[in-house]
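Enquirer: I'd like to ask you about the structure that follows.
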Amino acid sequence: MAGTTIAILAILVLAADQFAKHFAILTLPPERNVPIIGDLLGFYLIRNSGAAFSLGEGVTWVFTIALMLVALGIIWLALTRVRSRAWAVVLGLLLGGVLGNLTDRVLRAPGFPVGHVVDFISTPWLMPAIYNVADIFITTMMIGVALLVLTGRRFDGTREPRAGAAFEDDDAPNGIDDSPAGDDVSGAESTGADASDEVETEGEDDASRPAPPADEPGPTPTRA
């Protein structure tokens, strides 16, 4: 189920990214700003030989290899480990973004593995770089991965125990040691009660026991 979710989301993001890039190539003039919402959003078509947000130009083949490794890693996780719906959604959207830019590296001029990525979205108030739909999903889903890790979500859908809960579990036996001591105290109290009962019983026996007869005086001697 998780693998199917990842595959569907990846295909949808890949299709949306490639459609947006194709539309930008057909309708936008190269390297000219086209305002859409004032200074908040504009289109500026460029061919990027670097990484996301036009960074790292000149080492295109390195980014191509990196994208391939990330895509293979996500596919391996989808097939072997991921059972969580949250992880499936995040990894599916991330994989779609990775495949979107990887498709440009492989299929667009000047050719594999140094194809240039089509960027056309401009938001100067947010960042000076030009980016595309795939970059949006890559960035936001990396944040999603960080959040899942920080909240202790595992690939199988379970949660890692909180550190505080672990400490509480470790301290629990130390607070449950009262019953043996209580038993000893009660035992001691009952022993004391038994001893006092024995003393009282002995006193009663002594009181009820008849006193020994007093020595009777003998005949008084007479003088001759």
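Numbers here mean position along the shown chain, with the first residue as 1.
Any Cβ shown, glycine's included, is placed from N, Cα and C.
Found this in TrEMBL, in case it helps:
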ACT_SITE  ASP119  active site
ACT_SITE  ASP135  active site
COMPBIAS  195-205  compositional bias 'Acidic residues'
COMPBIAS  210-224  compositional bias 'Pro residues'
REGION    163-224  region 'Disordered'
TRANSMEM  58-79  transmembrane segment
TRANSMEM  86-103  transmembrane segment
TRANSMEM  129-150  transmembrane segment
Enquirer: Using a Cβ cut-off under 8 Å, which residues of the same chain at least 6 positions beyond either end of the transmembrane segment (129-150) come close to it?
Expert: 13, 16-17, 20-21, 44, 46, 48, 52-55, 86-87, 90-91, 93-94, 96-101, 117-122
Enquirer: By a 10 A CB contact count over all chains shown, which of the active-site residues listed here is most packed: ASP119, ASP135?
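Expert: In terms of Cβ crowding, the pick is ASP119.
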Enquirer: Expressed to the nearest Å, what is the distance separating ASP135 (active site) and ASP119 (active site) at their Cα atoms?
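Expert: Cα to Cα, ASP135 (active site) and ASP119 (active site) are separated by 9 Å.
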